[in-house]
Every structure is written in C-alpha cells, then in structure tokens.
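J.: Taken from TrEMBL, the feature transmembrane segment covers 20-40, 52-74, 99-128, 140-157, 163-187, 247-270, 299-319, 354-377, 383-401, 413-433, 445-466.
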C-alpha cells in the first residue's frame, strides 16, 4: 500500500537510516509514557472521581484502552511501516478530498505537539530542590533554556541525544520501581504510616456519578499512558521495523502499565484520601514525605525534574520526525518545504523539524499563566486525539472490507477495536455533559471549553486546506502541479508548482 505519492524507498531516504533496535524502541515508548503525570496526575484524578476505588479502576481502564489502541496501531504500523503514525494511516483511508486528512493532522501535530509542560515541570522542580523562591520569569527562563538545549542536542548531536534519552528512560523505570517496592513495605506495616489500608476499606465511598467527571479524568489517565504509539512515528529509523514494532510496543506499554497501577496502590497506602485532597502537593511528594520524611520530599523534586527532562527529550525527538514527514508532503510552510523537510545542517537529524516543535513550545512557556494553562492544555490535547482515534478505528474496518488481501503481519481482534471505538465515542460526547460540581476542573474556564478549543484547532486545519487547495487557486487562476525533488542529504520531498490556467 502506498498512501502517499512518495514511494516507500523515497519516503525512507535520507537521515541516519535505520539505527533504532528493540531496546531503543522499547525505551522510546517507556521514556514518553513515564513522565511527570504519574507523579502528579493521581491526585487530580482522585479529586475528579471522588474515591480511591474509582481512581484505581480508571488507571486499569486506561491500561486496557491503551493496549487496545496499541494493537490497532500495530496492525496499521506493520501493514504500512513508514514514519508519521496517524498521518500515514489517515492518508491511506481518507484519500478524498486529497490532502485534507494530512492538513488536519498537521494543524493538530504542530499546534498541540509541543513540550512546554515538561520544561515547566523541570524548571519548577529544580528551583524547589535548590531551595530557591519560584519566581514566574525565572521558571520560564529555565524552561526556555531546556527546550533550546534539547533542540540543539537532537539537531546537532543525534547519537548523543538518543543515548541521553535511553539513560533517562532507564532512570525513570528505576524510580518507579523504588516507589512500588516502598509501597509494598508500607503495606507490610513496617513504616511510619500508621494505617496503610485506610483507603482500601470501602474504597468506592464518595464516588462521583457525573459522566463529565469520569470523561475528564479518563483524558488525564490516557495522557499519562500516551506514548505507546511512539515507535509508529519513527518507523523509517527502525531496524527490521515490523518485527521490532511487534516486540517493543507490547513490552514498553506492559512495563509502564504494571508500574503505574502498582505505584497508585503505593501512593494510596501512604496517605489517606483526605490528606491527599488537603495537601495541595502532588501525591508523589506526599508519599515521600509520609514514608521517608521532609528531606526525601525535597529530593523527589530532583527526580521529578529529571523525569520531566526525559519526557522533553523523548517527545522532541519524535515530534521532529513527524514534522519532517509533514513537510515532505508539500503542505505550504513559511520559507519553503525543502528547508523544513531537510536534515540540515548535519545531514543526519532534522533540525528544521525540531525548530517547528521549538516555536510553539516557547510561545506556550512565556505566554499564558501556568496555573490555569497547564491543566487546561492537558485536557485540550486529549480531545483532538480522541477524534483522530475514532476515525483511525473506522478506517481499520473500512480497509479490512475494501482491501482484505493486503498483507497484515499483525491483526487486532475485532472486539478490542470495537471497545476502543466505543470508548473514543464516549470521550467525545461526555465532556459536554455538565459535571457534578457544575464548573469542571479548570475554573473559571467553562467545563466544555477544552473540547471546543480542540475542535477549533482541527477546524483550523480544514480552513487552511480550503484556502490552499480551493480558494487561492480559484482567486488567482492557477492549478497545483506536484513534483518531487531530492535534497542534498538524500531526503525526497514533494513540492507544488503553480500552473496558470489560460
């Protein structure tokens, strides 16, 4: 299957070639999934759904949904082993109107694909660990420095960037293992925690009855699991891509899922629900304080900062490859597509694609107040992804019907795909239902606003496509003629010339 006009050989040309094996791909998934969310999100999820039992069930649901999604992406990724992830799969299914799916995905990937939250988390926790007052502009200055450092690291020394990415991923596994083992010790009754089972008696007491509360909390859980699709975005750089994806995907997500559920059990063993609600700090900080004392709580800040850095390094690496694939499509960008699609200046790594990622990250860091913007943007990022997920699953069934003879090295069991589709449909509708508290979790903003913003971002892609493909050619009397060009680094890019209509 060739979902694009670039052939498979043309699409995979240029750059460092295939240099990612099973280990690096597994750590690429782990490094994206285990970020700062597992240290902070459990407390906000507990606040949303009202009980420890409901909170733990959502983490298990997130684990199940993520595996269903992984199996669907495995079918697509082994059937079409090319970089770009959802971009490639949408193009393979939704061929008409031409390039519409590509442009909509581009709008979402560029506008919401930034790494600002991880940079902010790194900055705030480093200041906390150093005992410095958290000044807004000092924090933002450190965060901007981090994203510039990571951009230059991947753009100029790609092998060093991958090495750092792998090291930080291993560190995060060790950190979560420490939390899990400490939780077992707490449950044994051999620590300063007086009653480690208080949260597990009548665990569902106080559970919310609002669909909106559960939908919003589920978005946060799925964001914490986000990253199981990471290898699908960089398939052009993967050795033996079909075999590697089939091993690294389940292995990486499996490691993270087990650690996530057990870490939540550890958190709730170390502090009561009331303590967590009243603390005003992340649940991980409260865990370290209750189990090891205030000094350990401060040390946690360093660990969380490194976790945030690891996420930034991983997300930036993947986003740059996606941006490069989008630029290779010929969608008009400032300064021309050849520059953004290239591996300038080293010929090995797409620094221009990294710059596309850098710009919105910096804007978000220095722009809105983080106290309001950070939780809101987590909700916004989740909604368009569910729209994409919905259409991906519909596309899966459409391809099985229309192209049953296409070679599929992996086939997802169809009930799992149906379950994922139903969950995506629920998550698209539920945010518009009024929550139990009437205001949602990002007051004073309306509870439904993040859904509308997500829809607006995708609609902006529709407007951009209509302007490029329909409005401007009609107004100025030309048609778009595609052509291919090979850049100096070997990358093949599709370009469009304007041909006057006489």
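For all residues, glycine too, the Cβ spot is worked out from N, Cα and C.
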J.: Could you tell me whether the transmembrane segment (163-187) and the transmembrane segment (247-270) are in contact, taking contact to mean 3+ Cβ pairs under 8 Å with a sequence separation of 6 or more?
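T.: These two segments touch.
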J.: Ranking 52-74, 299-319, 445-466 by the number of C-beta pairs under 8 Å to the transmembrane segment (413-433), which range is first?
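T.: If we count Cβ pairs closer than 8 Å to the transmembrane segment (413-433), 52-74 scores highest.
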J.: May I ask for the residues of the chain that lie six or more residues beyond the transmembrane segment (163-187) and have a Cβ under 8 Å from a Cβ within it?
T.: 23-24, 27-28, 30-31, 34-35, 38, 153, 193, 196-197, 255, 259-260, 262-263, 265-267, 269-270, 284, 287, 291-292, 303, 306-307, 309-310, 313-314, 317
J.: State the non-local partners of the transmembrane segment (52-74) in its own chain: residues 6+ outside its ends, Cβ under 8 Å from one of its Cβ atoms.
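T.: Result: 42, 45-46, 85, 199-200, 203-204, 207-208, 214, 217-218, 221-222, 224-225, 228-229, 232, 245-246, 249-250, 253, 257, 260-261, 264-265, 268, 273, 389, 392-393, 396, 410, 412-413, 416-417, 419-420, 423.
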